[in-house]
Structures are given as C-alpha cells and as structure tokens.
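Asker: Sharing the features that TrEMBL gives for it:
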{"type": "TRANSMEM", "residues": "25-45", "note": "transmembrane segment"}
{"type": "TRANSMEM", "residues": "65-85", "note": "transmembrane segment"}
{"type": "TRANSMEM", "residues": "105-124", "note": "transmembrane segment"}
{"type": "TRANSMEM", "residues": "136-157", "note": "transmembrane segment"}
{"type": "TRANSMEM", "residues": "169-191", "note": "transmembrane segment"}
{"type": "TRANSMEM", "residues": "212-234", "note": "transmembrane segment"}
{"type": "TRANSMEM", "residues": "260-283", "note": "transmembrane segment"}
{"type": "TRANSMEM", "residues": "304-324", "note": "transmembrane segment"}
{"type": "TRANSMEM", "residues": "330-350", "note": "transmembrane segment"}
{"type": "TRANSMEM", "residues": "362-383", "note": "transmembrane segment"}
{"type": "TRANSMEM", "residues": "389-408", "note": "transmembrane segment"}
Amino acid sequence: MGTGVMIGAGIFALTGQIAELAGPLFPLSFIVGALVTSLAAYSYIKMSNRWPSSGGIAMILQKAYGPGVVAASASLLMALSMVINESLVARTFATYALRPFGLESSGILVSVAALALIVFAYFVNAAGNKSVSGFSLIMSAIKIGGIALFAIAAIWATGFSGGAFAEPVALSGLDALLASVAFSILAFKGFTTITNSGGEIIDPHRNVGRTIIISIAVCVVVYLLVAVAVGASLSTSEIAEARDYSLAAAARPALGELGFYFTVAIAIAATTSGVIASVFAVSRMLTMLTEMKMIPHSHFGMSGPIRSHMLVYTVVIAGTLAVLFDLSRIASLGAFFYLVMDMLVHWGVLRGLREEIGARAWVLWSALVADSVVLTAFAFAKLKTDPAVVAYAVAGIAAVFIAEWFYLSRRSQAMDSASERPAEERR
C-alpha cells in the first residue's frame, strides 16, 4: 500500500513539477530525494522495530515528546499532509483523464473529476479493509508493470541524447535543483503508510523495516526509468508546459497515439489506487489520534464507529482542497507540512529515544540537516515564485499548533476539575 501511495503521487503528479524547478538535472533530484528519504526512514524503522504499532507516527511522536502539544501537532501535520496528497493525486487523475479530450485546462471539469474520484475512494473504503487491500494490490501490480513498460519503450524509441538531456546544464541552477528535492521527498513519503501499518504486518519487528526499504528501492528504479524517458522525449520547456500531465505528453512523440492512450490508462489506474490507499491510511491515523485523545472529535449526528466518521472528514477536506487549489500549490503545501513533521520526528528521537532504540546519532543529525537544507531552499524558491503558498503553509502550521494547544489545555482543565470533584464530595 505504501508503494501504491508513492507511485500514485510521485510519478504522475510530481515529475513535471520537479522538472520545472530542476531543469535537465531533474532525474538527479529523484536520486537525492531517495537518499534524503533513506536517511529519514532510519528513525521510523528503528522506532517501528522497537514498538511496532498501527499508531505508527503518532506513537513515535508520543514516545518522543509525551502526550503534549508537539506530539499532537506534528501527528496532525502528518495526517494533513496525507490528506493534501489525496487531493494532489485526485487532481492528477482528473488532468490525465481529461487530456485525451483536450479538456485538462478546464478548472471546473478538473475539480469535478477530482471530487468524483475522492467520493469513489470513500465508497471503496467504506466497503471494508479487504476491499481496499485487494484493490490496492491488483492496481499496484498493474501500474508498476505498466509504468516500467512505458519507460523502457520510450527510452528504447528515443535514446538518451534528445529532449531535455540535449540542453546545457547551468550550475547557477543548483539552488533550484535543491529546492526540487522537496517535491522528490514528497514523492517518496508513502513509506510512512507502512509505518502506520506496523500492527498488521507479520513479524513487524523485522518486516516493517524491510518493507520500507523494498518500497523505496522499487520507487527509485521506477522513478528513474520514467524521468529518463520523459527527459529524452521532451525539452525542459515542453515538460514545464505539460507539467500536470508530463508522462502523457512524453508518450506521444516517443510511442505514438497508442503509447499516449496506454500512458493515460496507467495514470488513471495509478492515481485511483493511490487515492484509495491514502484515504484508508489517513482515516485510520485520524482514528488512532482520536482514540489517543490527541485531537477533538464530534459525531455531527452520524452513527457508527469513529473510523467511519473519519472517512467522511477525510474525503470532505481532501475534496475541498482539490477544488480550491491547483496542483502546484497542493504539492507545495504537502511538502512544507511533511518536512516540518519529519524534522520533529528526528529531533524527538535524537533528543530522548536514541539510546533506547539503538539509533546512531550521526544518521539522525544527517537526516535533520538534509531536511532543513531542502526546506530552506524550497521556501526561498517559493518566496520568489509564489509567496502566497509560503504564507498559507506558515499560517496552516501555526493554526495546527495553536488549535492543539487550545484543545489540550481545555482537556487538561476538564480532567483536573473532574478529579477535584470527588475530593470535595468526600469532605
């Protein structure tokens, strides 16, 4: 399922965004992103090996910081980044689905199609865990095979000398390359879905880490194949122009009309399974946060268990984001939220749990430094091109921390008042 989320978002939603920033060097961005992700995965693997849990990241943060504002806020940031990912992949689905009809530039139709996919994902998830697992497994196999076939065929048809790879590389653009790594990291973040599934994996003390490593390795191979195929077929300006559907744009000159429609079909399969897997993961994580009393909950008159309510809240938020924001801003918000949360995980493990779980300090410091460098470069790049999205991200992160502080403070006061009443009654 983690691989399903990663490939669903990473290839189809983010390849064009990464190439627009990094230029001809954009395949290198995937390699650097994989290295940074591998460093980041170290904390999650060590924690999951020690305490495998369906709580995943929420459990890691609570053990690192205690049941307070930081743990609750960072957990909520992770959940929100996952919801953002759903809207990102849903809009990508809509763009590819409408591309054969030349309607991908219609904002209204893209929003309607994205919303329809999110609603479909809700019904699949509402049908139960077995439906999600079976559907995701089949779709993941189809899309990995299909994407690899597209990439190999495109590379065979075009070679390595054309398109973006024939353009000169400007060393002055290294800061943009570094900024693009934020999107590459976002393309790999699906491994956190595996962390959240620790309680359901056989022999999780060993297999969570192995599964994460295998998922990252599979994605690196697939991403590089696709990046080379796109870069060999299209120039940098053509990739930027078709950034929301770059694979479909690359398929036509390399493989003709049949290749174009094949790529669109694979994109639809990949993004559909990605949204379904993400809705499943985030609703389960929000349920865990509610049960851990880290976020407030209201039934709003709905019946049934908490998870069924969380499914509704998840698709409502994801649908709203898919309608209100374009792909670039959705991806940027997701990158900001995820990187801040990731740094809090590493700092918490380094500060309080390193010796208990047997983690090496230099790896944790390396992950922290890598995240901070990428986050800084990405923030500066966005301040130049889209300062509003930086403001949205800062406001969103601040709102999460303030809301959690307010909720946990009121909950603590209510618990103190409840504990004082029996003492007064005994008097």
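Glycine residues also receive a Cβ, built from the backbone N, Cα and C atoms like all the rest.
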Asker: Do the transmembrane segment (389-408) and the transmembrane segment (65-85) come close, with at least three CB pairs under 8 A (pairs 6 or more apart in sequence)?
Answerer: yes
Asker: With a Cβ cut-off under 8 Å, give me the same-chain residues at least six positions beyond the ends of the transmembrane segment (212-234) that come close to it.
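Answerer: Cβ under 8 Å, 6 or more out: 2-3, 6-7, 10-11, 15, 19, 24, 26-27, 30-31, 34, 37-38, 41, 44-45, 144, 147-148, 150-152, 154-155, 158-165, 187-188, 190-191, 194-195, 242, 246-247, 249-251, 253-254.
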Asker: Is the transmembrane segment (65-85) in contact with the transmembrane segment (260-283), using three or more Cβ pairs under 8 angstroms as the rule and ignoring pairs under 6 apart in sequence?
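Answerer: In contact, yes.
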Asker: Look at every Cβ pair spanning the transmembrane segment (304-324) and the transmembrane segment (362-383), keep those 6 or more apart in sequence, and say whether at least 3 of them are under 8 Å.
Answerer: no
Asker: Report, as numbers and ranges, every residue of the chain located at least six residues beyond the transmembrane segment (136-157) whose Cβ falls under 8 Å of a Cβ in that stretch; write 'none' if there are none.
Answerer: 1, 3-4, 7-8, 11, 218, 222, 225-226, 228-230, 232-233, 247, 250-251, 254-255, 259, 262-263, 265-266, 269-270, 272-273, 276-277, 280
Asker: Given pairs 6 or more apart, does the transmembrane segment (25-45) have at least three Cβ pairs under 8 Å with the transmembrane segment (105-124)?
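Answerer: Taking Cβ pairs at least 6 residues apart, the transmembrane segment (105-124) and the transmembrane segment (25-45) are not in contact, as fewer than 3 fall under 8 Å.
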